[in-house]
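Q: Next up is a structure, given as structure tokens.
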Amino acid sequence: MNYQNTLAFAQEQDQNDPLHHFRDKFYFPQVNKQDAIYFCGNSLGLQPKSAQMYIDNEMYKWANLAVEGHFKGEEPWFNYHELLAAGAARVVGAKESEVVIMNQLTVNLHLMLVSFYRPEGKRFKIITEAGAFPSDQYALETQTKFHGFNPDEAVVELYPREGEHTLRNEDILQAIKDNADELALVMMGGINYYTGQVFDMEAITKAGHEAGAIVGFDLAHAAGNVPVKLHDWDVDFAVWCTYKYLNSGPGGTSGVFVHERHANNPDLPRFAGWWGHDASSRFQMKKGFIPMPGAAGWQLSNAQILPLAVHRASLELFDEAGMENLRAKSEKLTGYLEYLINDVHVGKDVLEMITPTDPNARGCQISILVKQNARELFNKLMEAGIIVDYREPNVIRVAPTPLYNSFEEVYRFSEILHKTLEAHQ
Ligand SMILES: *Cc1c(COP(=O)(O)O)cnc(C)c1O
């Protein structure tokens with residue numbers, strides 16, 4: 001695409017953007033009495049205006065039906081989680097039965113590790129990316145300890161080559177081969193939260209399986225951001241949160257994928273609770289756990305209706321927009337951001353983009369390493385009404401999401417960035 005560094009060009013892109021009207025379906029935070037330029041959907045997505053209505057419906061049911069709401073009314077709470085499975089499955093490329101929405105991300109990651117990190121004999125190692133999100137690091141550290149291993153030996157962290165910021169696919173695949181005899185699990189982010197690098201999940205899954213290991217992904221930064229085909233790629237399990245690109249509210253609920261070849265295996269070890277028990281006999285309250293078929297058999301507690309209601313509102317918008325359309329816009333929008341950052345004339349050597357330049361290896365986030373006064377630059381952007389985020393020690397993450405951001409916002413961002421850099425000199 002031939003980009004131009006002009007407001008007119010940006011506005012023309014917005015006029016031709018079939019998804020442009022989706023931004024009217026969200027609330028934008030206010031800075032200086034104006035809508036902020038919100039490029040932080042990778043951290044907390046904006047509130048869909050429809051979410052309130054979905055919550056109100058459940059509050060109304062609670063007020064009017066109280067306990068009867070579990071079984072009475074139009075959408076009884078007993079089956080409420082089922083209303084989300086199809087929409088969530090479309091976002092991650094799964095069959096409906098392979099997905100369940102429940103709990104929160106780190107809890108679900110532990111539940112999955114209970115079932116899928118099954119060290120045996122000399123197979124006890126887990127391959128992961130170095131610098132994974134801390135919760136993922138702590139989960140792997142404590143799970144390996146739980147099985148009696150030293151995490152320094154059991155968790156193999158992959159680092160980029162000297163002088164590089166992101167991992168090369170060939171190096172990941174080689175590491176899987178090199179550790180094949182001792183490998184129990186490959187567990188990585190679908191996208192690294194810091195660099196924004198998308199991993200080749202299909203190739204990694206294939207290599208992991210060839211090595212005799214199980215393969216799982218944390219899709220916190222991938223779900224709702226890049227196309228994912230968990231079922232076809234043959235991934236064993238995955239987890240994701242819903243409050244980042246999926247716009248389902250602070251601390252919102254989470255998604256779990258279990259491939260059907262495991263999901264319908266009642267003998268797979270798991271930590272169980274009554275909500276995962278076969279629905280037809282759940283309320284007989286009898287001894288002996290019989291899992292529901294599919295990912296739903298990993299549910300523990302009765303469903304958290306209010307966070308699920310918000311997530312439903314959001315999933316409907318994803319269905320309306322379509323992941324393929326979102327991705328098509330996202331590549332253009334992020335490409336435009338990259339082009340404009342590269343078009344800096346003053347202070348060029350201060351900024352280094354550490355996100356891959358290949359569109360297939362990134363989603364909508366660009367991580368900018370700032371070599372001088374990073375915190376100060378970040379503060380100035382925030383004062384000017386741009387909401388981005390800062391990650392220690394010196395990275396600013398900028399994430400224009402295709403659902404509610406515009407080309408004009410990307411243009412305005414770059415204008416402010418350049419002015420701030422000039423004043424910086
Ligand atoms: C955001 C994020 C988390 C957060 O976990 P919660 O349990 O939702 O607090 C975990 N892992 C990754 C990779 C993330 O990006």
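Note that Cβ sites are derived from N, Cα and C of the backbone, with glycine treated the same way.
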Q: Leu105, Thr106, Phe133, Pro134, Ser135, Asp136, Asp218, His221, Tyr243, Asn302 bind pyridoxal 5'-phosphate in TrEMBL, but which of Trp233, Trp274 does that record place at the same site?
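A: Looking at Trp233, Trp274, the one TrEMBL places in the pyridoxal 5'-phosphate site next to Leu105, Thr106, Phe133, Pro134, Ser135, Asp136, Asp218, His221, Tyr243, Asn302 is Trp274.
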Q: Any of the binding-site residues Phe133, Tyr243, Asn302 with a C-beta atom under 6 A from ligand 1? Give them in order, or none.
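A: List returned for ligand 1: Phe133.
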Q: Compile a sequence-ordered list of residues in the same chain as Asn302 (pyridoxal 5'-phosphate binding site), six or more apart from it, whose Cβ lies below 8 A from its Cβ; state 'none' when nothing qualifies.
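A: Those within reach of Asn302 (pyridoxal 5'-phosphate binding site), by Cβ under 8 Å and sequence separation of 6 or more, are Trp77, Trp274, Trp275.
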Q: Find, among the binding-site residues listed as Phe133, Tyr243, the one whose Cβ has the highest number of other Cβ atoms within 10 Å in the structure shown.
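A: Max Cβ neighbours within 10 Å, all protein chains included: Tyr243.
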Q: Round to the nearest Å and give the CA-to-CA distance linking Lys244 (N6-(pyridoxal phosphate)lysine) with Ser135 (pyridoxal 5'-phosphate binding site).
A: 15
Q: Given the recorded positions Leu105, Ser135, Lys244, which one's Cβ is surrounded by the fewest other Cβ atoms within 10 Å?
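A: Comparing Cβ neighbours within 10 Å for the recorded positions Leu105, Ser135, Lys244, Ser135 has the fewest.
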Q: For the pyridoxal 5'-phosphate binding residues given in the record (Leu105, Thr106, Phe133, Pro134, Ser135, Asp136, Asp218, His221, Tyr243, Trp274, Asn302), what is the largest pairwise C-alpha separation in angstrom?
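A: Looking at Leu105, Thr106, Phe133, Pro134, Ser135, Asp136, Asp218, His221, Tyr243, Trp274, Asn302 as a set, their Cα atoms extend up to 31 Å apart.
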Q: I'd like the Cβ neighbour count for Asp218 (pyridoxal 5'-phosphate binding site), meaning other Cβ atoms within 10 Å of its Cβ, all protein chains included.
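A: Its Cβ has 28 other Cβ atoms within 10 Å.
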